[in-house]
């Protein structure tokens, strides 16, 4: 009897953790839910909520903690350790501790997933991520056609590029570039004969359309890289015959997207095509202030790394060192476009990791 009760508690624990992971997926995506709680700081509220859920789930799991060996265990622990080691060289321990806390929460979520979710739970979480991407992208597409029902969230956003509920086209583009390959996997693995495959096709269409309407060139390049990577995997696993048939779905969907945009009757579409066409024109990129500014930030991060090659400047403190290094850079290159004396992001995860955690952190990353 006692063994039966123990087994029931174990199954209940698994269900609670599985449901908690779905909550994390939902609330980490739909930050606007917290708009009423902390106006203009939904990212802060969203992060706090995710951390609370993760800690509660950990309390359920800790009594029966069993670690499953995976190929990612050691690299992730190594990366967390590298950030911990970088605390000894940081210029602001409080900023670095906040970053380290986030990393530990991400590590905890990873351990909760790999040690508690069964295959059906993983599929459910996978589909939930795609659903959230579909909803957020659909809101962005509606914005393009003038149906902006969430304008009250960001009433002062002065841009013709769509941003959905994330407040910034670049944020939306980066988010959709992560979700789009997942919708593509649903389509390619299930095909159009299964409901999951049909949903994957619809999601791919809407998310791809949303990604294009953000006008975020770097996100499009990122998806292009993942697209090539997935193509190679499908070719190796499925063979050339199935590869051709399933990629024909993508070709058809892509053509539908471009025709839909072409006949939408909105003049902005030419601006979007021109914006993306600059990726193929080096001369245009050289004259693009946004591109040149990002390149200057990258050069700043490389300069930080050269001065702190082993452990970096410390997790989360790039923004504290940026004004000094940017001033030095502009002394030798006065033609660099000036947007802000403060910058917390390098707009390149590898260079940010290199600047803040040095060779050790980057090797783990």
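Glycine is no exception: its Cβ is also placed from the backbone N, Cα and C atoms.
Note on TrEMBL: of 219-236, 273-290, the range annotated with the feature transmembrane segment is 219-236. The stretch that TrEMBL tags with transmembrane segment, taken from the ranges 125-145, 146-166, is 125-145. Here the domain 'O-antigen ligase-related' (203-365) has a mean pLDDT of 74 out of 100. The largest share of C-beta pairs under 8 angstroms with the transmembrane segment (100-118) comes from 44-64, of the ranges 44-64, 125-145, 171-189, 196-213, 219-236. Between the transmembrane segment (125-145) and the listed ranges 44-64, 171-189, 196-213, 219-236, the one holding the most Cβ pairs under 8 Å is 196-213. Pairs of Cβ atoms less than 8 Å apart link the transmembrane segment (219-236) most often to 171-189, out of 44-64, 171-189, 196-213. Listed by sequence, the residues of this chain that lie at least six past the ends of the transmembrane segment (171-189) yet keep a Cβ under 8 A from its Cβ atoms are 29, 126-127, 129-130, 132-134, 136-137, 140, 162-164, 196-197, 199-201, 203-204, 207-208, 210-211, 214-216, 218-220, 222-223, 226-227, 230, 234, 246, 249-250.
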